[in-house]
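Noted in TrEMBL for the protein shown:
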type     : residues : note
COMPBIAS : 450-460  : compositional bias 'Low complexity'
REGION   : 427-469  : region 'Disordered'
TRANSMEM : 20-42    : transmembrane segment
TRANSMEM : 48-66    : transmembrane segment
TRANSMEM : 78-100   : transmembrane segment
TRANSMEM : 230-250  : transmembrane segment
TRANSMEM : 256-285  : transmembrane segment
TRANSMEM : 292-314  : transmembrane segment
TRANSMEM : 326-359  : transmembrane segment
Amino acid sequence: MPVGNKDADEKYAAWRRRLVVAWAIVGAIAVFVLAVRGLSMIGDAVELLLMGIIIGFICSPITNALEDRRVPRALSALVSLLVVLAVLAAVIVVLGGTFVQQSVEVLRQVPSYIRSIQDALSNFWESYGTSDNEQLQNMVNSIVQTVSSAGSSMASDTVRQLSNGAVSGLFDTVDNLVNFFLALILAYWFAKDYPVIVRELAMIAGPSRKDDMTLLLAVMSRSMGGYMRGQLICSFINGIAVWLGLALLGHPYAGLIAIITFFMHFVPVIGPFVSAALATLLALFESPWLALWSLVVMVVAANVTDNVISPLIMRSAVKIHPVLSIVGIVIGNCLGGIIGMVLAIPLTAAIRGVFVYYFETRTKRQLVSEDGALFQSTPHQDAQGNVEAVYDALDDEKFFESTRLVTSSAWSRARKVTKNASNDHENAVYAADMSKNRNVATNKQDGDDTSPAAKAPASSTDEERHERV
């Protein structure tokens, strides 16, 4: 074949590959958009299902602990659900009154806060000699007056609804209660039967993929459940720390800020910033020094929780990079609002774990690393240097000692398959190297070339094979 035609064919093949990749990306984006649209249409059902699954994950440690003490699993699941509900009810009883009372107080103080802002602006005009500029002053005062009227009206409406109850929202409240009740039913059956459900889903994949599917579902279970339980504990500790610090400072809304901090801690990056800004702003209307020390308390509490307590509590939980968290939050907000944002974080953890497992299993390359960003984790390898994809996805070496999802025989078979696949990959590379060596030797004999340069490729290949072994 002429050289010109060969080059043209290679360029055409390269162009065709790029075109296929481009259309594949376009198709993936289109599928994602359609999936988001479809989920938005059934958002309530998806939200209900996810809420039930996550509550079931929270109940599962208590269920497993009771089952280890020979309590029937059905009764264990019921007891664990009742314990979770009791804790939730206690929190609502203890904190609910404080939350409503201080929220109403803040809303009632909104007009006085706005007047304080107006007085501060007037002092600013006088202090900096701009009081003569009537046009600028009138414009700013007009803006403040508009915001004041809107804020006062909104605050009055909200206070009226919180104090007297809104009849128009009665049906929404009933609807939310029904959804919560259904979520509890789902949580019970999930906590009771999820090991059996995992085995049945693995059976659907077929005999050849049964163990692989079981491990995949185990990765999802551990990623979602571990992250949610760890985040719940860390959020509670952060809220308690904020309440103690602000109460010692004499912050008038310490309880309200602590409750908001607890919920906002579930939203990485954005949540702590919002709660700290709110605490500082409310304290600023009391005194500048209180605002400064309130900000210090919020920053110290968040950093101690995230950098000291969280690594201890969540050492067996999946680490999620802020970029992945923000993407998950945005998608969750589109699908389910505030609840969708909260549910999106554990789902992001599960998707990340599944991707690590799938990528390392298929490519035999280690994606996670200690100094990584999106995929920061402890890399695991066996004695032969083979990548342990399951451990990399789980980031928990003791998971299989206590899990009920994967039997020891299935785990052993899966590790054996993974190692055999890795060895087959090495053998294929070795066979290709030996074939290349034979071709080089044949070409050398045909060309009658005995120079050291002709022997270099074979020697180099042997050295590379020795390093791999």
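Glycine residues also receive a Cβ, built from the backbone N, Cα and C atoms like all the rest.
Counting Cβ pairs closer than 8 Å to the transmembrane segment (78-100), the top stretch among 48-66, 230-250, 256-285, 292-314, 326-359 is 48-66.
Long-range contacts of the transmembrane segment (326-359) within the same chain, counting only residues at least 6 positions beyond its ends with a Cβ under 8 Å from a Cβ of the stretch, are 36, 39-40, 43, 46-47, 50-51, 54, 57, 215-216, 219-220, 222-228, 231, 266-270, 317-318, 320, 365, 367-368, 374-375, 377, 389-390, 392-394. Looking at which of 48-66, 230-250, 256-285 has the most CB pairs under 8 Å to the transmembrane segment (292-314), the answer is the stretch 230-250. Long-range Cβ contacts of the transmembrane segment (256-285) within its own chain (Cβ-Cβ under 8 Å, at least 6 residues beyond either end) map to 95, 98-99, 102-103, 106, 109, 113, 116, 231, 234-236, 238-240, 242-243, 246, 291, 293-295, 297-299, 301-302, 305, 320, 322, 325-326, 329, 341-342, 345.
When Cβ-Cβ distances below 8 Å are used as the criterion, the transmembrane segment (48-66) is approached by residues 73, 75-77, 79-81, 83-84, 179-180, 182-192, 194, 221, 224-225, 228-229, 232, 339, 343, 346-347, 402, 404 of the same chain, each at least six residues removed from its ends.
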